[in-house]
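Everything below concerns the one structure shown next.
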Amino acid sequence: MPMIRRPRRLRSSEAIRRMVREHHVRTEDLIYPMFIMFGEKKKIPVSSMPGVYNYSLDEYIVALKDVVEAGIPAVLLFGLPESKDETGTGAYDPHGIIQEAVRLTKKHYPDLYVITDVCLCEYTDHGHCGVIQDGRVLNDPTLKLLAQTAVSHAEAGADMVAPSDMMDGRVGAIREALDEAGYTDIPIMSYAAKFASAFYGPFREAAGSAPQFGDRRTYQMDPPNGNEAMIETALDIQEGADMIIVKPALAYGDITYRTKEQFGLPIAAYNVSGEYAMVKAAAEKGWIDEKRVVMESLVSMKRAGADLIITYHALDAARWIKEEQS
Ligand code: PBG
């Protein structure tokens, strides 16, 4: 039998490989997460995430220059408050760290798209994403505080809010509060499929948000569950989510694929802190080729169906994409 089909024909040179390439990571797809705190002239490295820092507001504005010049269209902001308390008042303080950071960003870079993470865990002294009573995270009383947080971000000038707490009904509560306050045009990107993942470890160091007792398994999803992610996503869409996040990204490509197939709305894959830390650690040891591993990981998220990628690699990726093009 002569071999008529030879798939290798379309792999024989870089030219043809480029021509038949199905997916691309574009700089426009990237969202860069940043951690901001009060104080001056502080740029504190996060030890488990080389290249990632906690910035004071002035240093944050300096760092934004690179982000904007790299062509990255959006940032996702996380705040480290001055002090923490039981109900996370720093999260919805009109002069809280995120509210100040958003105002400052818009003053310096009005066209940069500013997305804010809406959650309480960085602001509560117990480190949970909601209000606590008798060691349990209360759902419904937390909704009001999340809604208040989202509105305060919108008031400061945020372009989009991203609730990451995983309380039931929070997208609806936030939508209603935003609409009531006149922010009908501010979209919600919900962390709809957010799993109780061990991959968030380095983030909790960066944000100082590790739970002081227990874990997040009563609100974040159980990693083995795929169908449950579809239910969570359907609920968030019903409640008014404009876009959804799948988180983490790398071990959850099936979830990205299924949500895209089933719902079709824009999806952001969150390439989380632990995924970043693993690549950085192995690259530092010289065990992997960092650039190739990062770009292969990011394009796998696009192949799975993600439209956008939230990643700490964004600055490097933008540089590598530019080099490829020139
Ligand atoms: C806040 C939040 C977390 C992350 C994003 N928003 C931590 C958590 O849920 O424990 C994790 C991001 C990352 O690991 O990069 N709830």
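Including glycine, each Cβ sits where the backbone N, Cα and C put it.
Automated prediction, rather than curation, is the source of TrEMBL annotations.
According to TrEMBL, the feature Zn(2+) binding site maps to Cys119, Cys121, Cys129. Feature annotation from TrEMBL assigns active site, schiff-base intermediate with substrate to Lys194, Lys247. Taken from TrEMBL, the feature 5-aminolevulinate 1 binding site covers Arg204, Arg216. As annotated by TrEMBL, Mg(2+) binding site applies to Glu232. What TrEMBL records for Ser273, Tyr312 is 5-aminolevulinate 2 binding site.
Taking the features listed in TrEMBL, we show where each one sits on the structure.
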{"residue": "Cys119", "record": "Zn(2+) binding site", "DSSP (3 states)": "coil"}
{"residue": "Cys129", "record": "Zn(2+) binding site", "DSSP (3 states)": "coil"}
{"residue": "Lys194", "record": "active site, schiff-base intermediate with substrate", "DSSP (3 states)": "strand"}
{"residue": "Arg204", "record": "5-aminolevulinate 1 binding site", "DSSP (3 states)": "helix"}
{"residue": "Arg216", "record": "5-aminolevulinate 1 binding site", "DSSP (3 states)": "coil"}
{"residue": "Glu232", "record": "Mg(2+) binding site", "DSSP (3 states)": "helix"}
{"residue": "Lys247", "record": "active site, schiff-base intermediate with substrate", "DSSP (3 states)": "strand"}
{"residue": "Ser273", "record": "5-aminolevulinate 2 binding site", "DSSP (3 states)": "helix"}
{"residue": "Tyr312", "record": "5-aminolevulinate 2 binding site", "DSSP (3 states)": "coil"}
### Message
For a Cβ distance below 6 Å to any atom of ligand 1, name the recorded positions from Cys129, Lys194, Glu232, Lys247, Tyr312 that qualify, or say none.
### Response
Cys129
#### Entry: Least surrounded among the recorded positions, given as Arg204, Lys247, when other CB atoms within 10 Å are counted
Arg204
### Task
Taking Cα atoms as reference points, rank the recorded positions Cys119, Cys121, Lys194 by distance from Arg204 (5-aminolevulinate 1 binding site) and give the first.
Cys121
### Summary
Listed in sequence order, the residues of the same chain lying six or more positions from Tyr312 (5-aminolevulinate 2 binding site) whose CB sits under 8 Å from its CB are Tyr32, Pro33, Met49, Gly51, Val52, Asn271, Ser273, Tyr276
### Task
Could you tell me which of these recorded positions, Lys194, Arg216, has the greatest number of Cβ atoms within 10 Å of its own Cβ?
Lys194
### Query
Around Cys129 (Zn(2+) binding site), which residues of its chain at least 6 apart sit with Cβ under 8 Å of its Cβ?
Cys119, Leu120, Cys121, Val137, Thr142, Ser164, Asp165, Met166, Met167, Arg216, Tyr219
### Task
List the residues of the same chain that sit at least 6 positions away from Glu232 (Mg(2+) binding site) in sequence and have their Cβ under 8 Å from its Cβ, in sequence order, or write 'none'.
Ala192, Ala193, Met221
### Residues within 8 Å of the Cys119, Cys121, Cys129 Cβ centre (excluding the Zn(2+) site residues themselves)
Gly88, Leu120, Glu122, Tyr123, Thr124, His128, Gly130, Ser164, Asp165, Ser209
### Pairwise CA distance, Lys247 (active site, schiff-base intermediate with substrate) versus Lys194 (active site, schiff-base intermediate with substrate), rounded so that it is a whole Å
5
### Task
Quick one: give me the count of other CB atoms within 10 A of the CB of Cys121 (Zn(2+) binding site).
23
